[in-house]
């Protein structure tokens with residue numbers, strides 16, 4: 001089974017929420033899966049949630065090798081702490097997790113092009129990992145543009161898009177929420193893996209599992 005990256009159209013669109021649902025569902029299906037958060041800024045809550053969804057014996061440092069205290073993009077946060085995002089440390093941690101698990105779900109930081117260092121964006125790191133990418137779309141006004149831009153950027157990196165998960169970030173639905181999915185389907189060839197209502201605590205894994213094998 002292949003490892004993969006979870007990225008989003010923006011920050012706060014539900015990357016951690018979807019990543020945790022996937023890890024939990026894979027493990028319930030008998031697959032030894034773990035989450036991985038290469039970089040966290042501000043706090044480590046995302047890593048804690050991934051640990052709750054996955055193997056409980058992993059430390060936060062194993063799940064999240066780079067933690068920066070300022071809640072901003074990794075490049076700025078690292079500069080404020082007079083340090084840098086050490087991608088070699090990240091790769092070693094990823095390799096260790098990958099060797100011990102059947103599937104590693106790599107949750108990105110911020111959006112696809114967020115800066116992580118001088119001349120380096122998250123998309124550069126993703127390209128180095130050479131993993132397929134799952135895109136989480138926060139289903140709200142403006143999502144179509146953000147989704148198509150991100151899908152095109154993933155293609156430009158030569159990476160496979162595993163598919164799309166629409167995450168309804170609010171209880172209330174407006175016209176955009178109702179029509180975003182059909183527009184993204186019309187203007188892209190990425191498969192829709194699922195659509196989550198606000199607060200949903202499970203995810204149908206059938207389509208994703210087919211694409212991971």
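Placed from the backbone N, Cα and C atoms, the Cβ positions cover glycine too.
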Same-site Mg(2+) binder from 43, 46, 57, 61, given that Swiss-Prot records 16, 107: 46
Whole-number Å value for how far residue 107 (Mg(2+) binding site) lies from residue 46 (ATP binding site) (Cα to Cα): 9
Alpha-carbon distance [residue 14 (ATP binding site); residue 107 (Mg(2+) binding site)] in Å: 11
Largest tally of Cβ atoms lying within 10 Å of a Cβ, found at which of the binding-site residues 12, 46, 107: 107
Farthest-apart CA atoms of 12, 13, 14, 15, 16, 17, 46, 107, 108, 109, 110, 167, 168, residues recorded for ATP, distance in Å: 20
Rounded distance in angstrom between the Cα atoms of residue 12 (ATP binding site) and residue 37 (active site): 15
Candidate binding-site residues 14, 16, 108, 110, pick with smallest Cα gap to residue 37 (active site): 108
